[in-house]
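J.: Quick paste of what Swiss-Prot says about this protein:
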{"type": "ACT_SITE", "residues": "Cys85", "note": "active site, nucleophile"}
{"type": "ACT_SITE", "residues": "His172", "note": "active site"}
{"type": "ACT_SITE", "residues": "Glu174", "note": "active site"}
{"type": "BINDING", "residues": "Ser226, Gly227, Gly228, Val229, Asp230, Ser231, Ser232", "note": "ATP binding site"}
{"type": "DOMAIN", "residues": "8-198", "note": "domain 'Glutamine amidotransferase type-1'"}
{"type": "DOMAIN", "residues": "199-388", "note": "domain 'GMPS ATP-PPase'"}
Amino acid sequence: MSDTTLEKIIVLDYGSQYNQLIARRIREIGVFSELMSHKVTAKEIREINPIGIILSGGPNSVYDEGSFDIDPEIFELGLPVLGICYGMQLMSYKLGGMVEAAGEREYGVAPLQLTEKSALFAGTPEVQDVLMSHGDRVTAIPEGFHVVGTSPNSPFAAVENTERNLYGIQFHPEVRHSVHGTEMLRNFALNTCGAKGNWSMENFIDMQIKDVREKVGDKKVLLGLSGGVDSSVVGVLLQRAIGDQLTSIFVDHGFLRKGEADQVMETLGGKFGLNIIKVDAQKRFMDKLVGLSDPETKRKIIGNEFVYVFDDEANKLEGVDFLAQGTLYTDVIESGTDTAQTIKSHHNVGGLPEDMQFQLIEPLNTLFKDEVRALGTQLGMPDEIVWRQPFPGPGLAIRVLGDLTEEKLETVRESDAILREEIAASGLERDVWQYFTVNTDVKSVGVMGDQRTYDYTLAIRAITSIDGMTADFAQLPWDLLQKISKRIVNEVDHVNRIVYDITSKPPATVEWQ
């Protein structure tokens, strides 16, 4: 965020798998928070002007050569600092304490015993369950610190130096297994750091509109509109900020869900008044893909062709200086931190040409996915768009296994519509993270109307998840599955068998290819 007057707590990234959760929990309290590289200097932090700092956990040992370090001057800024797990060990080590390998590693839920009163733990019980995940531990604390909590394997499970506003905890308050972790983080943010706790989507909208207007001035902005949640929210937000200075290009490649293209035009172009150039490129894409079966080849062709179509349309416009994108905070974290690891490449349609000389506008690049949905709701967008299912850039083309044909594509489009309709009617659409159908490219024998059939087998994939990184198959009611199956085989041509995918992630991925 460019506004240095905004109350914010920064989280220095030391590689913990829970880093994003720390920022999310602080935001849930009503205080803006963002991840930063552990390489940030005290001078840079002073310029950012946060009200507090959190040092995250991480896999390193502070005494190992090459372990992630910290600018020691950060502890001299006078700002409240909370060290979590590795962050606590690093703070203790840098300030004169001792850290050693634990004789017995501590992983999982453990009881934390508070030994004296601490503002950090105000309103929490004397004994509480917390999540421990560490192989090292502090064996001697720095001068000026005192112990406020212990666990069976950590005599220094919680320490503090109230004169310098420095706090350390060996456990992870950001995860739900630490039952009172949110209260502890709230105490740190609101009481120790003095935050007002008034950060909200309404404030975010006002700030972004102000930022966009200052950056863009009277110039023009181009947006690649996919119809998904992120680009749709960007479009509505920018429309509110700069009106007719925004032009959106919507490429219909022919692999969208049933009725999706019409809904985009009616809702975003109609109700919200976006200036949308719709490009009907179904034939252009299909001609390139007919008969192809390799999923990576399909993705590459669709990505490249999208770029070419977008480039063709963009070149017809004059005086465009800015390109808007729906980049989320998770994308920034994955690509921009020193500790990030990419678990799986995303399905998003390929990047835009390098020679397109635009300045970027990414108004969502400090938001998580759930916050984008909240923003869309605050902007008055309908649930059908705000709560739209995650959808891969290549669309239904990668939900057709084997060679791509119009016939197989239509089986997926029609069956997907039935699945979405029945899930919605059952009231489960907010409980299931993602659900769709796949043409497996397998044919089997069936009997319909006393006639032998030899038609396609479709798979239903439905998962539950918190963040999409791991997932379980959704245990949908049998009567609902039966109803969906019956409707599909009766209403969708060339289909005579339905199977249900009961594989979790891992070992499977969400999409089939």
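The backbone N, Cα and C atoms fix where each Cβ goes, and this holds for glycine too.
Not measured: the values here are computed from a predicted model.
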J.: Go through the recorded positions His172, Ser226, Gly227, Val229, Asp230, Ser232 and tell me which ones have a CA within 10 A of the CA of the residue listed as 'active site, nucleophile'.
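T.: If one measures from the Cα of the residue listed as 'active site, nucleophile', the recorded positions that come within 10 Å are His172.
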J.: Helix, strand or coil for Ser231 (ATP binding site)? Use DSSP.
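T.: In three-state terms, Ser231 (ATP binding site) counts as helix.
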J.: What other residues of this chain sit with their CB within 8 A of the center of the CB atoms of Ser226, Gly227, Gly228, Val229, Asp230, Ser231, Ser232, the recorded ATP site?
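T.: Same chain, not in Ser226, Gly227, Gly228, Val229, Asp230, Ser231, Ser232, Cβ within 8 Å: Leu225, Val233, Val234, Gly326, Ile385, Arg388.
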J.: Determine the Cβ neighbour count for the residue listed as 'active site, nucleophile': the number of other Cβ atoms within 10 Å of its Cβ.
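T.: So the Cβ neighbour count for the residue listed as 'active site, nucleophile' comes to 25.
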J.: Between the Cα atoms of Val229 (ATP binding site) and Glu174 (active site), find the distance and write it as a whole number of Å.
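T.: Cα of Val229 (ATP binding site) to Cα of Glu174 (active site) measures 27 Å after rounding.
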J.: Mean pLDDT for the domain 'Glutamine amidotransferase type-1' (8-198), rounded to an integer?
T.: 93
J.: At the level of the C-alpha atoms, what whole-angstrom distance separates Ser226 (ATP binding site) and His172 (active site)?
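T.: Checking the Cα atoms of Ser226 (ATP binding site) and His172 (active site) gives a distance of 38 Å.
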J.: How many other Cβ atoms are found within 10 Å of the Cβ atom of Ser232 (ATP binding site), counting all protein chains shown?
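T.: 27, counting other Cβ atoms within 10 Å of Ser232 (ATP binding site).
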J.: Please name the residue among the binding-site residues Gly227, Gly228 whose C-beta has the most neighbouring C-beta atoms within 10 angstroms.
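T.: Top count of Cβ atoms within 10 Å goes to Gly227.
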J.: Which residues in the same chain, at least 6 apart in sequence, have a Cβ under 8 Å from the Cβ of Asp230 (ATP binding site)?
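T.: Result: Gly326, Leu328, Leu364, Val372.
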J.: Rounded to an integer, what is the Cα-Cα distance in Å between His172 (active site) and Gly228 (ATP binding site)?
T.: 34
J.: Give me the Cα-Cα distance between Ser232 (ATP binding site) and Glu174 (active site), rounded to a whole Å.
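T.: Glu174 (active site) has its Cα 31 Å from the Cα of Ser232 (ATP binding site).
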